[in-house]
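According to TrEMBL, the protein has these features:
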- 12-37: transmembrane segment (TRANSMEM)
- 43-64: transmembrane segment (TRANSMEM)
- 76-98: transmembrane segment (TRANSMEM)
- 104-124: transmembrane segment (TRANSMEM)
- 136-160: transmembrane segment (TRANSMEM)
- 166-188: transmembrane segment (TRANSMEM)
- 209-230: transmembrane segment (TRANSMEM)
- 242-259: transmembrane segment (TRANSMEM)
- 271-294: transmembrane segment (TRANSMEM)
- 300-319: transmembrane segment (TRANSMEM)
- 340-358: transmembrane segment (TRANSMEM)
- 364-383: transmembrane segment (TRANSMEM)
Amino acid sequence: MVESKLFQAADLSMEVVILLFGGMAMLILGILLFPVYAGVLPYYENGLFGLLLVIFAFQIVAMGKTPFGDFKRNGPVMFCGITVAAVGIVTCFIPDLLGNVPRMLLTLLFGVGGLFLLLQMVLVKDKARLWRTYGGIFNYLIVACCTVYLVQILIAVLIFKPNLVPGSLVASAALLYGLALVYLACVLQKISRRHPPAGQASDSATGLSLDNAMLLMMGVFMLLLGLLLLPVNLGLIPFSPSAQLGLLMVLFGIQMLAVGSTPIGAFERSWLVILLGFVFGGLGIVSCIIPGILVVALTFMVGVLNIAGGIVTIAKVSLPLLKERKSGGPIPPIRIKIDSALLLMNILTILFGTTMLVSNLIPGLILGAILAANGCVLLYLLYQLETLRKVQRQEVPA
């Protein structure tokens, strides 16, 4: 019974998934902060700040949800999301490079955003006022939202003034925020099951599909990682390999949760894939916050996954392509561009995975160039996939 349930398609909405992931991140943070403040574990604050910024960025890029309300995923909104992601990635990788920028940005997103959402919920007619007329579980929704927004404002104060209260209270606030997010996710999940949405907006109306939004995030990640490794290998700036591995695992986990895409291929978004997504994400969160604790294990895991995923994808792309060439049928130019990009991207992915397992195989400067090239290929692939989607949409009769 449990086994069959694991392989069933998960009915979690994207909003619920992100709330659960954010809740897990804050719960893990709260648990870890107790031994951190006791002096038992080290702590990498930049890793935490970068992680939180990337989670905020994913909300914006994937759903258009910002701390200041929901927007259509148009050009300016996507640009804001990618900018926040870039700041988060750089903050994770390079200790103190951006100074107080991450702290100020998080204070704005948590504090001002939380206050704005709280006022919006109270004052706007289709929020709390309307929910009260529905009664039942919608009353719990009001309580859940108020709790999340109020604790969010408290978190902003603690980020801005980290020494305002004892460490144990900071850890308790993180736990409280995590529990509030999980509770809100559970309430929203119950509402979506009792009152299914009438329909989802099409990709044409909302911008990038979830798959392509994840491709965009991964492309920016790889491009920035590659570019930053160049001055790192020249000894010009420091680098946090633990946070880099952790953030990569977090992105792997979010991909699994969002669309069922794993490092070794795409699968149905089943409960098993969701569970693995949370496991990957949890390992990544720990690695971002506590430096060095999981570096060896995650290095091996990322290396094996990249090599296996690259080989599997090359086989999936090459075999059908060879059959079509033998049959003599015409292959559309855009299909050739997409397949070529996939092949090159996965060759670079295999190289990256190999360097994770065999140290000093490739000089650091060359590795940086390979990763930057991988990021560029990912963004080129995204461009071609979006071009193909637009062509297919135009061909569909009205």
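Note: Cβ is positioned from N, Cα and C throughout, glycine not excepted.
Since this is a predicted model, take the numbers as computed values, not measurements.
When the stretches 43-64, 136-160, 209-230, 271-294, 364-383 are ranked by Cβ pairs under 8 Å to the transmembrane segment (242-259), first place goes to 271-294. Remote same-chain partners of the transmembrane segment (364-383), defined as residues 6 or more beyond its termini with a Cβ less than 8 Å from a stretch Cβ, comprise 212, 215-216, 218-230, 232-234, 338, 341-342, 344-345, 348-349, 351-352, 355. Outside the transmembrane segment (209-230) by six or more residues, the chain places 14, 54, 57-58, 61-62, 78, 82, 85-86, 89-90, 93-94, 203, 237, 239, 244, 247-248, 251, 254-255, 258-259, 261, 364-365, 367-376, 378-379, 381-382, 385-386, 389 with a CB less than 8 A from a CB of the stretch. Sequence-distant contacts of the transmembrane segment (76-98) (same chain, at least 6 residues past either end, Cβ-Cβ under 8 Å): 44, 46-47, 49-54, 56-61, 64, 66, 105, 109, 207-208, 216-217, 220-221, 224-225, 228, 232, 237-240, 243-244, 246-247, 288.
Same-chain residues lying 6 or more positions outside the transmembrane segment (271-294) and placing a CB less than 8 Å from one of its CB atoms are 5-8, 10, 12, 17, 20-21, 24-25, 28-29, 32, 36, 41-44, 47-48, 50-51, 92, 240, 242-243, 245-257, 260, 262.
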